[in-house]
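Colleague: TrEMBL feature annotations, pasted as is:
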type	residues	note
ACT_SITE	His226	active site, tele-hemiaminal-histidine intermediate
BINDING	Gly62, Ser63, Gly64, His65, Asp118	substrate binding site
DOMAIN	11-341	domain 'DhaK'
DOMAIN	382-584	domain 'DhaL'
Amino acid sequence: MAARGKKLINDPNDVVTQFIEGLAETYPGLQYLDGFPEIKVVLRSDVVVGTYDKVAVICGGGSGHEPAHGGFVGQGMLTAAVSGDVFTSPPVNSILAAIRAVTGPKGCLLVVTNYTGDRLNFGLAAEEAKSEGYKVEMVIVGDDCALPPTQGIAGRRGIAGTILVNKVAGAAADAGLPLEEVAEQARHASKLVGTVGVALSVCTLPGQETSDRLGLEQIEFGLGIHGEPGFAVTELQPVDVVVTRVLKQILSPETRYVPITRGDRVILLTNGLGATPVMELMIATRKAVRELQLEYGIATDRVYTGSFMTSLDMQGFSISIMKSDATILRCLDASTKAPCWPAGSNGDRQKPAKISVPAPPSCAMKSDKMLRQSRELTKEGCILEASIEAGANEIIKIKDSLNEWDSKVGDGDCGTTMYRGAIAILDDMKKCYPMNDAAETVNEIGATVRRVMGGTTGILYDILCKAAYASLKGIKTVEAKHWANALQASIDAISKYGGARVGYRTMHDALIPASEILRERLEAGDDPLDAFIVSSEAAMTGAESTRHMQAQAGRSSYIAADKLASAPDPGAMAVAAWYRAVALSLWSMSSHSKS
């Protein structure tokens, strides 16, 4: 059963006038004629009635296709746009008002989409304006390739390709060309463009019921921008398949909708129909560019993607292809102040769309000779390697415990995430960690973690490693005090970007007590190994204390306090585990060396 469509409007009868008022408030270069409700005309605010010294370009039609046409009014494009009611041709008086408001001695060009109502109303207005002494030319755009080339006397409909014709005409007029040449360039452009649209849904008119003509799993090819039925309805298909069919329809050698053949260059316009996300439009554009090149031998000179001529809230898109030439490109690239023409779209592509990802030099990228040298470990390198291995193995051992705790206070994957990082560290350390350089090794651990861990945990550990690297960099012989400074630098960095503090039920509740005790014992002159052992006990105590904390950061902050008491914070427990494993490893190696 059809339901009334939901709209963010007031009175359905006022949507067009209120849209125009909002448009003019948004863009200072636009204004409108004070002739509501019959006369709905948007025009350039810098054009003085009767004195405009260039050809005026006017387009228009029924409303509901925004931003067309009011959004394309501006220097270098349209001088005025005439709006009818939703999907209704504007009346003759509105068109005449626009002509009188912006046409100077050089005359005006009317660009008209090929619908019977538009042709008749604009045609009658043109004749009336001529009788008043105005110079007027009219160009009809019929770019729809969904209809047979010989579609009775009505002909092919004017749809999104009209936007490209408007840009060509506006640029020619802005260049100061006479009316006859502006009209000729617009006619030339209109003959070179073809369009086909597809939709997943039919649009809903303000105040009316939503059509159920298309099922949830159906897509329609060739429907009009007012919801008119198309030439085919099929089951929903991947967008690559849809684009292939659309291009085949436009470029059909049998129908010859457009004079485009292999080896030509074209302009591509992918147009959203009102309710299509930009992501989906870009995916369609990606396929269209590749298909044109690989299957048709056609290169794209310009690509425009966005919503240019919509159909209210229709979900779908259209593709327009225009044959390119020097005149067309010059006009498309000409500057314009029309607010809805895409900024940053002018000029040839000077570089390929895809380039290699730049990467900073890392140990993994060094020469074989350097890697061999880095594997000839010094005493300090051996100690660092053993410490890293001990910490990683401890994380692997407690994977299930971390997951169990996290299932009670988070999303249940802390152990799996940490395990993934530990396994990768053990793998990479045998291949490319320069163990004789503590700073670079810490930096490489960060690179490993970034690559494999992901999520909040991964980025926090990467920040930790980067801050420690910056603290250790340039120090030839890294001593206990340097590691203490690096730990503090890491904590500061995580606090800066993550926002957590002691008592927030995070990894800080293990890191900060460890750092404080380590610095305190080292400054008191304790043996560094004793200091590390005592600080590791502080880390574990801090991690265990998180059972009694209300989380103020991370996913645990969404959990009730009574449920949090059932488990410690898994992130803090992970820190305490690897930190204590490293400290015990250092103690063990020291004991063996003494014996």
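From the backbone N, Cα and C atoms, a Cβ is placed for every residue, glycine too.
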Colleague: Pick the one among the binding-site residues Gly62, Gly64 whose Cβ has the fewest other Cβ atoms within 10 Å in this structure.
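Modeller: Across Gly62, Gly64, these binding-site residues, the one with fewest Cβ atoms within 10 Å is Gly62.
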Colleague: For Ser63 (substrate binding site), write down the residues of its own chain that are at least 6 apart in sequence and whose Cβ falls under 8 Å from its Cβ; none is a fine answer.
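Modeller: Correct list: Val15, Val16, Phe19, Lys40, Ser83, Gly84, Asp85, Val86, Phe87, Thr88.
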Colleague: Between His65, His226, which of the recorded positions has its C-beta surrounded by the fewest other C-beta atoms within 10 Å?
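Modeller: Each of the recorded positions His65, His226 was scored by Cβ atoms within 10 Å; lowest is His226.
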Colleague: So around the substrate site, Gly62, Ser63, Gly64, His65, Asp118 aside, which residues have their CB within 8 A of the centroid of those CB atoms?
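Modeller: Going along the sequence, the neighbours come out as Gly61, Ala68, Ser83, Gly84, Val86, Phe87, Thr88, Ser89, His226.
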Colleague: Do me a favour and check the Cα-Cα span between His65 (substrate binding site) and His226 (active site, tele-hemiaminal-histidine intermediate); whole Å is fine.
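Modeller: Computed Cα spacing between His65 (substrate binding site) and His226 (active site, tele-hemiaminal-histidine intermediate) is 9 Å.
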Colleague: Could you tally the C-beta atoms, other than its own, that fall within 10 angstroms of the C-beta of Asp118 (substrate binding site)?
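Modeller: Other Cβ atoms found within 10 Å: 25.
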